[in-house]
Amino acid sequence: KGDKAWDRGGTKRRRAYPNTAHHRTQRHGLRLALRTDRVHLSATGRQPIPPRTPLLRSGIGQQGENQATFPPRANIHAAIRDAMEASCKPFVVVCDKCDKILSDSTALVTLDNRRGILIVNSGSNLTESGEIVRETTDAGESEYKHVSCSKCHARVGHSFTRTCTQNADLKDKICFQLNLVRDYKLGSSTLKNESGEGGGTPASAITVAAGAGN
């Protein structure tokens, strides 16, 4: 029939074709194409990317396909800050024998339970022995001086002047022996021995130690 068609009256009429240049026709064709692509993706097993969903105000929601389970950035920073404040309360290190203040948390480097030492950058009310002790191990040779409390002259640790590669983190640091010192966290009522030996000492001893002369 070509491009001709018969109507009910028996007269010939030209077949109507859509005007592809019209904007409505273009949008209709685009919707059909998108619908076809969506069916194709589902048939091949590739699901389209789900739409984004806004984060909950509290940052915690039910598990779901489109549910975000992480808190907003501001809440993350607040959670980290609260955790650091809870776990890193300021504290001071005192002599186990006379409760003299020897260092505080501003100089803290790390607590090494394996080696039984508390490593700090600096201290106060300490005296170093003039004698250098040499220690040789399988890892190499190290040199250190004994460190004592300036009040009761009790030995509380040592400071390394030369270390082997294995103990390079101890060079020029003060290493308190955990069984010879105790630490007092601000806000607590007793002194604590990190080695787990002995009982607590009333925190009032800190006031006496801080007020005593060097």
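Glycine too: its Cβ is placed from the backbone N, Cα and C atoms.
Just so you know, TrEMBL annotations are computer predictions that nobody has curated.
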### Task
Among 143-166, 167-190, 191-214, find the range that TrEMBL records as region 'Disordered'.
191-214
### Task
Using DSSP, break the domain 'Mis18' (90-186) down into helix, strand and coil residues and give each count.
9 helix, 54 strand, 34 coil
